[in-house]
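**Student:** Have a look at this one before I ask anything.
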Amino acid sequence: MKIKTGVLAFVLSLSSLSTSVVFAAETDSINIYFARHGKTILNTYDRVQGWADSPLTSSGIETARYLGAGLKEVPFTRFYTSDAGRQRETMRVILQEMGKPNASVTELTDLREMFFGGFEGLPNKNMADAAAKKLDMASGDAMFQQMKEGRIGLISMVDAINQSDDKQEAENALQVKTRMQHALNAMVQAALKGGDKNILAVSSGLSMQMMISDMTDNPEKNKPLANAAVVKITYKDGEYKVTNIGDLSYVAKGKVIINKGQ
C-alpha cells in the first residue's frame with residue numbers, strides 16, 4: 001500500500017510543527033533506510049526499554065559493524081538518530097565501518113522508542129501480562145500467540161500497554177505513529193531541499209513498526225524487528241511505499257565481508 005504525502009501530512013497536523021510537503025513531483029526516488037539499534041544490556045536481560053536506555057553489548061556492537069559493512073555501498077548523504085544512547089552508539093559503529101566516522105548526524109527526538117511509562121525497566125513479562133489482562137487474556141504468552149495467528153493487531157497491544165500503565169504516562173499507538181511519521185516527513189523535506197537520495201536512520205523496533213502501521217498491508221509489519229533489522233521506505237512523486245520490513249540481508253552481507261577480511 002502506498003500512502004500519499006497529503007494523507008501523511010494530515011495525520012502529522014496533530015503536531016505543532018507544520019509538515020505539509022508542497023514540492024514539485026520528483027522523478028527520482030528518495031530511499032529511507034530505518035535500522036533498529038544493536039542489542040543492548042536491557043535487551044539481554046529482557047527488560048522494558050523505551051525511553052530508558054542501556055549500552056550495546058559486545059554482540060550488539062558486532063552486529064552493528066556487520067550492518068555498517070553491508071550498507072557501505074549505499075551512497076548515504078544524510079544520517080539520523082534520536083537522542084537515545086543505544087541509537088547513537090549503533091550509528092557511530094555503522095559510520096566507522098562505512099569509513100565515514102566524521103559524518104554529520106542529525107538527532108530527532110521523535111525517533112525515540114515508545115515510552116512505556118511505569119513499565120520502563122521492568123521485566124517485559126510484567127508488561128505483557130498486564131496488557132493481556134486489559135485484552136481479557138490469561139497471559140502475555142496467550143496474547144502473543146493470538147498476535148502470531150493474526151487475531152490481534154500490534155496497535156491493540158500497544159494501546160493495551162498504554163491503558164494498563166498505573167502511572168498513566170505510557171504512549172498510545174497514535175502518539176508513537178504520529179511522531180515517527182513526523183520525523184519521516186521532516187527527513188524527506190530536508191532531502192528534497194538538499195537533493196539527497198539515500199537516508200539512514202537508526203531508531204527502535206516498536207516505534208518503527210508503529211510508523212509503518214498504516215503505510216502497508218504487509219503482515220510482516222506486525223512481527224518483532226530483530227536488532228539491526230532494516231525497514232526501507234521509498235518516497236516518490238508525493239507517495240511513500242514500504243518496500244522492505246525486517247531485512248537482515250545487510251547484516252548477513254556485512255558479516256561475510258568482515259569475516260573475509262580477518
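Each residue, glycine too, has its Cβ placed from N, Cα and C.
TrEMBL entries are annotated by machine, without manual review.
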**Student:** In TrEMBL, the substrate site includes Arg36, His37, Gly38, Lys39, Thr40, Ile41, Leu42, Asn43. Which of Arg78, Arg86, Arg88 does it also list there?
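**Tutor:** Of Arg78, Arg86, Arg88, Arg86 joins Arg36, His37, Gly38, Lys39, Thr40, Ile41, Leu42, Asn43 in the substrate site that TrEMBL records.
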**Student:** For His37 (active site, tele-phosphohistidine intermediate), what is the secondary structure state per DSSP, taken as helix, strand or coil?
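**Tutor:** Its secondary structure by DSSP: coil.
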**Student:** Helix, strand or coil at Glu113 (active site, proton donor/acceptor), per DSSP?
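**Tutor:** Looking at the DSSP assignment, Glu113 (active site, proton donor/acceptor) belongs to neither helix nor strand, so coil.
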**Student:** Reported as an integer number of Å, what is the Cα distance between Leu42 (substrate binding site) and Glu113 (active site, proton donor/acceptor)?
**Tutor:** 14
**Student:** Given the substrate site residues Arg36, His37, Gly38, Lys39, Thr40, Ile41, Leu42, Asn43, Arg86, which other residues of that chain have a Cβ within 8 Å of the mean position of their Cβ atoms, reported in sequence order?
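**Tutor:** Going along the sequence, the neighbours come out as Thr44, Gln49, Ser54, Leu56, Thr57, Gly60, Thr90, Asn227.
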